[in-house]
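Feature annotations, reproduced from TrEMBL:
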- Tyr55: active site, proton donor (ACT_SITE)
- His115: substrate binding site (BINDING)
- 22-290: domain 'NADP-dependent oxidoreductase' (DOMAIN)
- Lys84: site 'Lowers pKa of active site Tyr' (SITE)
Amino acid sequence: MTTLHSSTETLKLNNGATIPQVGLGTWRSPDDEGYNAVKSALKDGYRHIDTAKAYGNEEVVGRAVRDFIKESGVPRSEIFVTTKLWCTDFKDPVKAVKGSLVRLGLDYVDLLLMHWPLPMPEGEGKFPTNPDGSRKLIKFDEWNYLDTYRAMQKLVELKLTKAIGISNFNIPKIEAVLNDKDIHIAPAALQVELHPYLPQDELLAYCKKHGIVVEAYSPLGSAGAPLLKEKVLVDIAEKYGATPATIAVSWGVQRGSVILPKSVNPQRIAANLKIVTLSEEDMDAVNSIQKTTHKRLIDPDWGVNVFDTDYKFQKVE
Ligand code: NDP
């Protein structure tokens with residue numbers, strides 16, 4: 001039986017930087033709740049915070065990071081901050097990231113991810129109204145995720161971010177990035193939905209081969225943490241005197257990915273940093289969950305199916 005310990009495990013990115021394997025997710029962590037969650041996590045020992053322009057909380061996340069640095073003396077260089085480029089900002093990543101940095105109150109982020117490989121019309125708001133009044137994505141071929149990734153390279157040159165990466169990309173789309181003759185900075189990380197219902201074995205193997213760190217989002221099953229009721233996790237947790245969340249996080253760490261559990265509850269934030277070393281047998285048991293339940297939980301209705309490998313950008317007349 002191994003003992004619970006706070007995770008200090010890190011992985012190496014392709015820019016030479018280290019990234020803590022357990023980071024705090026901040027989607028649906030607004031205002032004071034978001035501020036307190038980030039502050040509490042940093043006090044507990046988290047050194048990795050994941051935010052995004054689309055979460056609408058860069059201001060509170062940044063303020064919590066800055067206040068923690070001031071109060072603790074922990075240097076900025078020891079805290080890994082990620083933010084993401086939203087789909088309506090695809091044509092000018094430099095302008096967009098400068099905006100994120102102003103809201104965060106930081107000079108740079110450690111990782112800037114393209115949030116989805118989906119250009120949306122420019123404009124205010126997360127989902128611009130389309131000419132047909134729908135919230136569905138306008139497909140257009142004047143610009144695509146490769147154009148955006150090419151432009152994101154400038155962010156590293158300008159030292160606005162230390163690393164660039166992608167999110168919600170499937171293998172053919174990653175391959176397109178890696179094979180593009182105008183792309184010379186390979187993605188440092190890929191953030192995707194990953195948990196025992198969607199273990200992403202193929203993506204993990206592919207990214208390992210190409211030196212891309214995989215970051216697991218919604219590792220507890222997203223809102224309400226439905227995964228934590230899964231009997232296999234509950235039974236294993238009991239064996240280790242741990243919680244199902246600890247088993248889910250430990251499984252992710254042991255498979256070599258970054259894990260981003262979100263919580264705004266101080267006890268759960270503290271608990272989610274704790275991991276145990278799972279036996280091979282228990283790893284196998286968690287790996288087998290997908291044989292009975294295999295599902296994707298985040299599949300937004302506003303998008304075309306971005307995981308569809310045949311998707312082509314088309315102009316809407
Ligand atoms: P998670 O899988 O992290 O689950 C969050 C839910 O679990 C919340 O309802 C939370 O409630 C609850 N919870 C947290 N800890 C525990 C615990 N120990 N026991 C019981 N319940 C718990 O969901 P997310 O979808 O938020 O994913 C995590 C992060 O990944 C996001 O916050 C975001 O940073 C990132 N993400 C990125 C996406 C992308 O497109 N790149 C998409 C989705 C997420 P409570 O807060 O009340 O504790």
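Note: Cβ is positioned from N, Cα and C throughout, glycine not excepted.
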Cα-Cα separation of Lys84 (site 'Lowers pKa of active site Tyr') and the residue listed as 'substrate binding site', in Å?
5
Helix, strand or coil by DSSP: which one applies to Tyr55 (active site, proton donor)?
helix
Please report the number of other Cβ atoms within 10 Å of the Cβ of His115 (substrate binding site).
21
Least buried by Cβ count (within 10 Å) of the recorded positions Tyr55, Lys84:
Tyr55
I want to verify one value. Collapsing DSSP to three states, which class is the residue listed as 'substrate binding site'?
coil
Please report the Cα separation of Tyr55 (active site, proton donor) and the residue listed as 'substrate binding site' in Å, rounded to an integer.
11
On the 0 to 100 scale, where does the mean pLDDT of the domain 'NADP-dependent oxidoreductase' (22-290) fall?
94
